[in-house]
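Here is the structure we will look at.
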Amino acid sequence: MSLSAKDKATVKDFFGKMSTRSDDIGAEALSRLVAVYPQTKSYFAHWKSASPGSAPVRKHGITIMGGVYDAVGKIDDLKAGLLSLSELHAFMLRVDPVNFKLLAHCMLVCMSMVFPEEFTPQVHVAVDKFLAQLALALCEKYR
(Lines of atoms letter the chains of each structure in order from A and count residues from 1; the text may use other names and numbers.)
(Lines give C-alpha, C1' and ligand atoms only; values in the text may rest on other atoms or scores of the structure.)
Protein backbone atom coordinates (compact mmCIF):
# COMPACT_ATOMS: atom_id res chain seq x y z
CA MET A 1 0.00 0.00 0.00
CA SER A 2 2.02 2.93 -1.28
CA LEU A 3 1.24 6.58 -0.86
CA SER A 4 0.05 8.38 -3.97
CA ALA A 5 0.90 12.03 -4.63
CA LYS A 6 -2.66 12.88 -3.54
CA ASP A 7 -2.23 10.89 -0.31
CA LYS A 8 1.01 12.73 0.45
CA ALA A 9 -0.60 16.11 -0.18
CA THR A 10 -3.57 15.17 2.00
CA VAL A 11 -1.29 14.05 4.84
CA LYS A 12 0.80 17.22 4.66
CA ASP A 13 -2.30 19.41 4.60
CA PHE A 14 -3.97 17.63 7.52
CA PHE A 15 -0.82 17.62 9.64
CA GLY A 16 -0.46 21.33 8.94
CA LYS A 17 -3.96 21.91 10.31
CA MET A 18 -3.31 19.57 13.22
CA SER A 19 -0.11 21.29 14.36
CA THR A 20 -1.88 23.46 16.94
CA ARG A 21 -3.13 20.37 18.79
CA SER A 22 -0.40 17.83 18.00
CA ASP A 23 0.96 17.77 21.56
CA ASP A 24 -2.51 16.96 22.91
CA ILE A 25 -3.03 14.27 20.29
CA GLY A 26 0.34 12.65 21.02
CA ALA A 27 -0.26 12.67 24.76
CA GLU A 28 -3.78 11.28 24.41
CA ALA A 29 -2.71 8.62 21.90
CA LEU A 30 0.03 7.31 24.18
CA SER A 31 -2.34 7.47 27.18
CA ARG A 32 -4.83 5.37 25.24
CA LEU A 33 -2.11 2.94 24.19
CA VAL A 34 -1.06 2.18 27.78
CA ALA A 35 -4.70 2.02 28.93
CA VAL A 36 -6.08 -0.17 26.16
CA TYR A 37 -2.95 -2.30 25.71
CA PRO A 38 -1.49 -2.47 29.25
CA GLN A 39 1.32 -4.78 28.12
CA THR A 40 2.90 -1.73 26.46
CA LYS A 41 3.63 -0.29 29.92
CA SER A 42 6.55 -2.72 30.15
CA TYR A 43 8.57 -0.41 27.89
CA PHE A 44 8.15 2.39 30.40
CA ALA A 45 8.91 0.52 33.65
CA HIS A 46 11.70 3.00 34.41
CA TRP A 47 9.20 5.88 34.65
CA LYS A 48 7.78 6.96 37.98
CA SER A 49 4.31 6.57 36.48
CA ALA A 50 3.20 5.06 33.18
CA SER A 51 -0.45 5.73 33.93
CA PRO A 52 -2.60 7.36 31.25
CA GLY A 53 -2.28 11.12 31.48
CA SER A 54 0.79 11.10 33.73
CA ALA A 55 3.56 13.63 33.11
CA PRO A 56 6.00 11.07 31.62
CA VAL A 57 3.31 9.68 29.30
CA ARG A 58 2.36 13.17 28.18
CA LYS A 59 6.01 14.13 27.61
CA HIS A 60 6.75 11.01 25.58
CA GLY A 61 3.53 11.40 23.59
CA ILE A 62 4.72 14.86 22.60
CA THR A 63 8.12 13.40 21.62
CA ILE A 64 6.40 10.75 19.50
CA MET A 65 4.35 13.36 17.66
CA GLY A 66 7.55 15.29 17.00
CA GLY A 67 8.87 12.14 15.33
CA VAL A 68 5.69 11.75 13.32
CA TYR A 69 5.97 15.34 12.12
CA ASP A 70 9.59 14.65 11.19
CA ALA A 71 8.33 11.69 9.16
CA VAL A 72 5.81 13.91 7.36
CA GLY A 73 8.78 15.96 6.20
CA LYS A 74 10.47 12.78 4.96
CA ILE A 75 7.32 11.34 3.40
CA ASP A 76 9.00 10.75 0.03
CA ASP A 77 11.56 8.32 1.52
CA LEU A 78 10.47 7.17 4.96
CA LYS A 79 12.79 4.17 5.13
CA ALA A 80 15.94 6.21 4.57
CA GLY A 81 14.66 9.17 6.56
CA LEU A 82 13.82 7.12 9.64
CA LEU A 83 16.76 4.71 9.62
CA SER A 84 18.24 6.02 12.86
CA LEU A 85 14.87 5.76 14.63
CA SER A 86 14.50 2.23 13.29
CA GLU A 87 17.91 1.30 14.69
CA LEU A 88 17.06 2.87 18.05
CA HIS A 89 13.76 1.00 18.39
CA ALA A 90 15.16 -2.31 17.10
CA PHE A 91 18.51 -2.53 18.86
CA MET A 92 18.41 -0.29 21.91
CA LEU A 93 14.76 -0.05 22.95
CA ARG A 94 13.78 -3.46 21.55
CA VAL A 95 10.20 -2.41 20.90
CA ASP A 96 7.99 -5.15 19.47
CA PRO A 97 7.00 -3.84 16.01
CA VAL A 98 3.33 -4.66 16.57
CA ASN A 99 3.23 -1.73 18.99
CA PHE A 100 3.78 0.73 16.13
CA LYS A 101 0.49 -0.41 14.60
CA LEU A 102 -1.30 -0.22 17.94
CA LEU A 103 -0.06 3.32 18.50
CA ALA A 104 -1.02 4.30 14.95
CA HIS A 105 -4.57 3.13 15.67
CA CYS A 106 -4.68 5.20 18.87
CA MET A 107 -3.43 8.22 16.92
CA LEU A 108 -6.20 7.83 14.34
CA VAL A 109 -8.80 7.68 17.10
CA CYS A 110 -7.43 10.85 18.71
CA MET A 111 -7.17 12.71 15.42
CA SER A 112 -10.78 11.91 14.63
CA MET A 113 -11.91 13.06 18.07
CA VAL A 114 -10.03 16.36 18.01
CA PHE A 115 -10.73 17.18 14.35
CA PRO A 116 -14.11 15.58 13.55
CA GLU A 117 -14.88 17.92 10.64
CA GLU A 118 -11.43 17.79 9.06
CA PHE A 119 -10.97 14.03 9.53
CA THR A 120 -12.95 13.07 6.44
CA PRO A 121 -12.91 9.55 5.00
CA GLN A 122 -10.32 10.74 2.46
CA VAL A 123 -8.08 12.11 5.21
CA HIS A 124 -8.62 8.95 7.24
CA VAL A 125 -7.45 6.73 4.38
CA ALA A 126 -4.41 8.89 3.58
CA VAL A 127 -3.29 9.23 7.21
CA ASP A 128 -3.88 5.53 7.86
CA LYS A 129 -1.73 4.62 4.85
CA PHE A 130 0.94 7.08 5.98
CA LEU A 131 1.04 5.67 9.51
CA ALA A 132 1.24 2.14 8.09
CA GLN A 133 4.20 3.19 5.93
CA LEU A 134 5.75 4.90 8.95
CA ALA A 135 5.41 1.71 11.01
CA LEU A 136 6.95 -0.28 8.16
CA ALA A 137 9.88 2.15 7.95
CA LEU A 138 10.46 1.83 11.69
CA CYS A 139 10.65 -1.95 11.21
CA GLU A 140 13.37 -1.69 8.57
CA LYS A 141 16.24 -2.63 10.93
CA TYR A 142 14.34 -5.52 12.49
CA ARG A 143 15.21 -7.69 9.50
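Numbers run from 1 along the shown chain.
Cβ from N, Cα, C; glycine included.
Because the structure is a prediction, the values reported are computed rather than measured.
These come from Swiss-Prot:
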- Ser2: N-acetylserine (MOD_RES)
- 2-143: domain 'Globin' (DOMAIN)
- His60: O2 binding site (BINDING)
- His89: heme b binding site (BINDING)
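Separating the Cα atoms of the residue listed as 'N-acetylserine' and His89 (heme b binding site) is a whole-number distance of 23 Å. Taking the Cα atom of each, the residue listed as 'heme b binding site' and the residue listed as 'O2 binding site' are about 14 angstrom apart.
Neighbour density around each Cβ, counted as other Cβ atoms within 10 Å, peaks among the binding-site residues His60, His89 at His89.
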